[in-house]
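For reference, TrEMBL has these:
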- 27-338: domain 'Major facilitator superfamily (MFS) profile' (DOMAIN)
- 28-48: transmembrane segment (TRANSMEM)
- 68-88: transmembrane segment (TRANSMEM)
- 95-119: transmembrane segment (TRANSMEM)
- 131-150: transmembrane segment (TRANSMEM)
- 171-191: transmembrane segment (TRANSMEM)
- 252-274: transmembrane segment (TRANSMEM)
- 286-310: transmembrane segment (TRANSMEM)
- 319-337: transmembrane segment (TRANSMEM)
Amino acid sequence: MEVESNQLINTSDSHQNDGHRRIYKRRWIVLIIVSLINICNSGVWISLAPVADRAAHFYETNSDNIDLFSSIFFMSTIAIGFITIWIVDRNGLMLGIYLGAILNAFGITLRTLSSAQFVVNSLSLSLRMQYIIAIVGQMIAGLGQPFVLFSPTKVAELWFPTNQRALATTITGMSNPMGIVLGTIISPIIVTDFHKIPTLSTFWCIPSVATLLMTIAFVRSSKPPTPPSNSAEVINSTPYFTAIKELLKLKAYLMLLLYMGCAVGMFSAFITLIEQILRSKRYDDSFSSVCIAIMIGSGLMGAASVSYVVDKNKRYTTAMKLSIALATLSIIGLLVSL
């Protein structure tokens, strides 16, 4: 292990305030794997929304039941969100990454098998049963979301020096919206008619399973042999539930919680329903995908730019206030345009 560790050490990017800390190159492998799981997971979540009308035709149901694929995904995340944080804090980042990869791969595999022709024929599954099994698979994939969605800051804290944490958090944080972009663009391309719905599930199943195999092969520990910074060496002794109670007493945290809750809720509802909204205005699926891609793409560019600036000047509060102001103006513009 010592030989392997020495080969993976790169001390050139150590932060001056952290002394002569060992910085391990395999931190990028962990970051890439977590990012890939996030991309696959968010792609699974949004994949049916851009082609809701064709999915409804395939399952012989209405659009409300197709919207349930998106809703149940988030309900699963909310149901175990706090438990997930406790599990990761108690047992380490590696377990969280494993559980996220396993649940996501198993969920989309179940959804894929529910509409696979050989399974349908072998078990004589009705369309209603196919739909129910697909919903269960979507729910299982949703249970995996918090394990990887909440991991970016942990990965940055445990594996990266202080001067790279904002960059690492931004990269892993951007992976989730990147998966949404891919999901909204790819779905209309694959699903040219309702018979292609099983092909869409297969498309997301393959990288999800591949990412699980990568996780098993390369993620062997929750943190490097030696901490990358002085702050990473400090152990937080505050009990988990005590820390939650203390957070809920902070006015600044509650304001941030309210803002982020409203923002994420509106964003999620909008990208889930945009295909149906624009179709009522006689726009096709491709146009709705382009709208989502532009919206998320501009956000990714903004996040990358802000992370670079914040890494330099550490003005986190100013960056947050600016983002809130711009988001508010965007929401007003969206309401006017609709």
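Backbone N, Cα and C define each Cβ position, glycine as well.
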Segment-level pLDDT (mean, integer) for the domain 'Major facilitator superfamily (MFS) profile' (27-338): 87
Touch test for the transmembrane segment (28-48) and the transmembrane segment (95-119), at least 3 Cβ pairs under 8 Å: yes
Proximity verdict for the transmembrane segment (68-88) and the transmembrane segment (171-191), three or more C-beta pairs under 8 Å: no
The transmembrane segment (95-119) versus listed stretches 131-150, 171-191, 286-310, 319-337: most Cβ pairs under 8 Å: 131-150
Positions whose Cβ lies under 8 angstroms from the transmembrane segment (171-191), at least six residues beyond its ends: 31, 34-36, 38-51, 54-55, 149, 151-152, 155-156, 197, 199-200, 203-204, 271, 284-286, 288-289, 292-293, 296-297, 299-300, 303-304
Seg_contact(the transmembrane segment (286-310), the transmembrane segment (319-337)) with at least 3 CB pairs under 8 angstroms, min sep 6: yes
